[in-house]
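Asker: Pasting the relevant annotations from Swiss-Prot:
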ACT_SITE  Lys11  active site
ACT_SITE  Asp137  active site
BINDING   Pro95, Val96, Ala97, Ala98, Gly99, Leu100, Gly101, Gly102, Gly103, Ser104, Ser105  ATP binding site
Amino acid sequence: MKSLTLKAPAKVNYLLDVIRRRPDGYHDLRMVMQRVNLCDEIAIALTDSPELSVCCGKDGVPDGPGNIAWKAARAMLDLAAGGQGATISIVKNIPVAAGLGGGSSDAATVLMGMNQLLELGLTDQELMRIGVKLGADVPFFIFKKTALAEGIGEQLRAMPPMPALWVLLVNPGVHVSTAWVYKNLRLTSRGELAKLPQFFSTVEDVCSMLSNDLESVTIPAFPVIADIKRAMLAKGALGAMMSGSGPTVFGLFRDREGAEAARAELVEGSGWFAAVAETL
């Protein structure tokens, strides 16, 4: 039977504004989302039998129906209605529950891979409509462009071209629940949203919009997030911020050498996860 292996990239948020709480319990957001080439690896193989299995072997990531990638594959197999199944194995290189979108990226990659293997011929827009039912960030990874995301994250517009950047990602390993962060976020009436630059020709242009409303919740509870931001800036990052609901912090650098040097100094003896990646 047919098979393929795909890469599922992580993301960082250059901007995360929380606009309002919605009646359905979600929040309206304004985000600028950027993919980076720290990737999970996903192998998908179709089978003649109808069983579906997803294997990851990573602590904190369920196998089977509890995995968002399983749900994505199930949705596509149900659409195909051909009696086939699939085996999916995931090598997790993206930290789990880290603000980097790893689970959403895995689901999006499975949707795109199954679309290809099953020869369903769905457009990206059709895949995105399936993806948003799985998770608010899933459509972004199908969109495959640096995006301004609004609504709960499903309304996507391509951003102007941005310079390629090197990104240092550091995760201190503290557990931050996304639900807890949003529950404890104090929404104040805000004025008009800051206008985004029309052009992004330099690293400084990107750094000028770095902002994350969720830091107001996470940093008081986990001061190490602020410590990492300060350390990154001290070691040459042109900007540093928490990604998503954390706890991963990213720093932006002009070149790989600067990012690698900062990584070596920052995490020596800490036991923290750290990786240098490039924007996609």
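Note: Cβ is positioned from N, Cα and C throughout, glycine not excepted.
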Asker: Quick check for you: of the binding-site residues Pro95, Ala97, Gly103, which have their Cα within 10 Å of the Cα of Lys11 (active site)?
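Answerer: Cα filter at 10 Å returns nothing.
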Asker: Compute the centroid of the Cβ atoms of Pro95, Val96, Ala97, Ala98, Gly99, Leu100, Gly101, Gly102, Gly103, Ser104, Ser105, then list the same-chain residues not in that set whose Cβ lies within 8 Å of it, in sequence order, for the ATP site.
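Answerer: Here the nearby residues are Ala10, Ile94, Gly244.
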Asker: For Pro95 (ATP binding site), which DSSP three-state class applies?
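Answerer: Assignment for Pro95 (ATP binding site) reads coil.
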Asker: Sorry to bug you, but what's the C-alpha spacing from Asp137 (active site) to Gly101 (ATP binding site), rounded to the closest Å?
Answerer: 7
Asker: Near Ala97 (ATP binding site), which residues of its chain come within a Cβ-Cβ distance under 8 Å, counting only those 6 or more away in sequence?
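Answerer: Residues satisfying the criterion: Gly60, His175, Val176, Ser177, Thr178.
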Asker: Report, in whole Å, the straight Cα-to-Cα distance of Asp137 (active site) from Pro95 (ATP binding site).
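Answerer: Between the Cα atoms of Pro95 (ATP binding site) and Asp137 (active site), the distance comes to 16 Å.
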Asker: Restricting to the chain of Asp137 (active site) and a gap of 6 or more, list residues whose Cβ falls under 8 Å of its Cβ, or answer none.
Answerer: Lys11, Met33, Gly101, Ser104, Ser105, Gly153
Asker: Between Pro95, Gly99, Gly101, Gly103, which of the binding-site residues has its C-beta surrounded by the fewest other C-beta atoms within 10 Å?
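Answerer: Counting other Cβ atoms within 10 Å of each of the binding-site residues Pro95, Gly99, Gly101, Gly103 gives the minimum at Pro95.
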Asker: Can you see whether DSSP assigns Lys11 (active site) to helix, strand or coil?
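Answerer: DSSP call for Lys11 (active site): strand.
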Asker: With every protein chain in view, how many other Cβ atoms are within 10 Å of the Cβ of Lys11 (active site)?
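Answerer: Looking across every protein chain shown, the total is 26.
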Asker: Applying a 10 Å Cβ distance cut-off over all chains shown, what neighbour count does Ser105 (ATP binding site) have?
Answerer: 29
